[in-house]
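A.B. asks: Structure provided below as C-alpha cells; questions to follow.
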Amino acid sequence: MPLNYSKWDQLELSDDSDIEGHPNVDKKSLIRWKQRDIHEKREARKHRISHLRAQIACNNVLLSRIKDITARLEDPSASPPVTAYFTSLVEQLTTKPSPDCPPGNDPTKVEQTYDGMLLSLLRQVSEDAKAKFKDTARSEKDEKIAKELTVLMAGHVKYLGETIKKDEVELEKEDQEQKKHITSDDIHEGFESKYVPPKPEPPPVPHTRLDTQKEKKKVTEFEVLNPKASASSTADPETEEDEENTDLPELTPSLEAFSKLPLHNYEQSFHFIQAHRDVYVSGATDALLVAAFQAQSEGKSKYAKQCVHQSLLLQYCEKLGRDGVGVFFKKMIAGDKRAEKVFVEDVENTYNHLVNRVKISQEQAQGKEQIQLVAENPDTEIRFNVPDGPPPENIVLEGPGTEGMNVEEVRKALQFRWDVFQGFPPALQEALRDGGLDKVNKVLGEMDVPEAEGIVGDLDMAGILSFAEGGIRDETGATSST
C-alpha cells in the first residue's frame, strides 16, 4: 500500500539551503530575518482570526436586537407611535443601560457594552432623520421622520448582515491559510499507555480523647417517713461514676462543609460526596451526630438538624451495601415518594430524640434538687387520705376510740383537711386522688424545693399522709454526707 506523505508538505521549515541572499549580507542574519518574518505573519494571522471571531459574535448579538427594533417600527398597528417608541427606547438605554458586553470589554464603560453600541446607532439614525426633515412643516414632520427611521434601521440591518457574511468569508480564508502549515501549537499528545495507580483510601475520622474525671452526682433530697426506722434503713446512696476515657469523633473540614448543606438537597449532597471521598469514611456518621448534639446544646437547632440529616444520609448509604451511595441517591433524586417519606420521618424522629437527650443532659448538669417521699422502712407503705369534699352537716362518730371525741373538733379537722387539699395545685390533687406514690413524687420533683417542702408539711399537718409519726424528717444532709 503506498504511503501518503502529503501532510509533510504543511511543515514550514527554515532550511539554510532555501535562503539565497546577497553575498555581502551575513547569511545567519538572513536566516534570523526569515524566521522572524514567519513568526510575525503567524501572530498577525492569529490576531486577525481572533478579532474576526469576536467581531462576528458581537455583530450577531446587535443584529438580532436591531431586527427586533426594525420589526416594531414597521408594524403600523403597534402602540405607541414610531417616534414615541423610538424616543422612549433611546431614553431607556441612556438611563438604565445593561452591563452586558462582549468578552474582554469593560462593563463599566457604557460605550463598550451592547446597550452602548445600540444607543450610539439609534442616536445617529435619529439625528440623520431629523436633519433630513428639519425644514418640513410640523404637521407632516412626525410622519416623515417615522418613515425615515424605519428606512434607516432597515438599511442598517441589511448593512450589518452583509458585514457579518463578509467577515465569515474572510475568517474561513484565514483558517484555511493557518491550516496549511503545521506549527508547534498543533502538537498534542496522542495515545499513551501508562499505569495510573488508584488513589489511596481516605483515613477514618479522627477522634479526640475525652478524660471524664470523677464527679459526684447531685443527691436527691428525700422527705422520709417513720424516723424511728432510720437506724435499720437499707437504702444506699447513689454511687459515684468511675473514671472513664471516651473517644469522640471530630468533624474534618470536608465533613464540616458537608454538614452545612441544605436539607433535602440530595443532588448537591451526592455531588459533594463524589468530589470529597473523605466524607464517606468510617466514623463520619458518629462525628456528625456528636456535632448535632453540641449544636443543639448551644441553641443552634437549624445546624443540629442539618447534621442529623447528613448523618442519616451516610447511614442509609452504608446500609444499602457496596453501591449504597448510587442506589440511595438515585431513588432520592428521582423523587421516590415512599423512600423519601421513610427518610424524612427518620430524620424528624432522630432529631426529636436528640432534642430530648440534650434537655435531659442539661437538667442533669444543672443538678436540680428535688423533694421526694420515701419510706425508710421497706415494710412501710405510704398512703394518702384524700377527702372527697367538705364535712357533712351531720357527723356521727361510731366505732372504738370515738367515745371521747368532740364532734365540732372533728368537723374542724375535716374542714381543715379539705381546705388544705383545695389549696394544692390541680396536678397534685389529681395525683393524690389516684393514690400512686410515683405520681405524687413526679409532681413534687417538678417543684422548687421550698415549695415542695411546704406542701409535704401541709400533707402531714392535714392528716392526708398516713403512717406519718411525729411529722416529716428531712434526711438530705445525712444522705449528702455519705
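Keep in mind that glycine also has a Cβ here, set from the backbone N, Cα and C atoms.
Pulled from TrEMBL, these are the listed features:
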DOMAIN    2-194  domain 'Cdc37 N-terminal'
REGION    170-249  region 'Disordered'
COMPBIAS  176-192  compositional bias 'Basic and acidic residues'
DOMAIN    193-369  domain 'Cdc37 Hsp90 binding'
COMPBIAS  197-206  compositional bias 'Pro residues'
COMPBIAS  208-221  compositional bias 'Basic and acidic residues'
COMPBIAS  237-247  compositional bias 'Acidic residues'
DOMAIN    384-481  domain 'Cdc37 C-terminal'
A.B. asks: How does the model score the domain 'Cdc37 C-terminal' (384-481) in terms of mean pLDDT?
C.D. replies: 75
A.B. asks: Quick test of the contact rule: Cβ under 8 Å, at least six residues beyond the ends. What residues does that give for the compositional bias 'Pro residues' (197-206)?
C.D. replies: 249-252, 255, 277-278, 281-284, 286-287
A.B. asks: Helix, strand, coil: count each for the residues of the compositional bias 'Pro residues' (197-206), based on DSSP.
C.D. replies: 0 helix, 0 strand, 10 coil
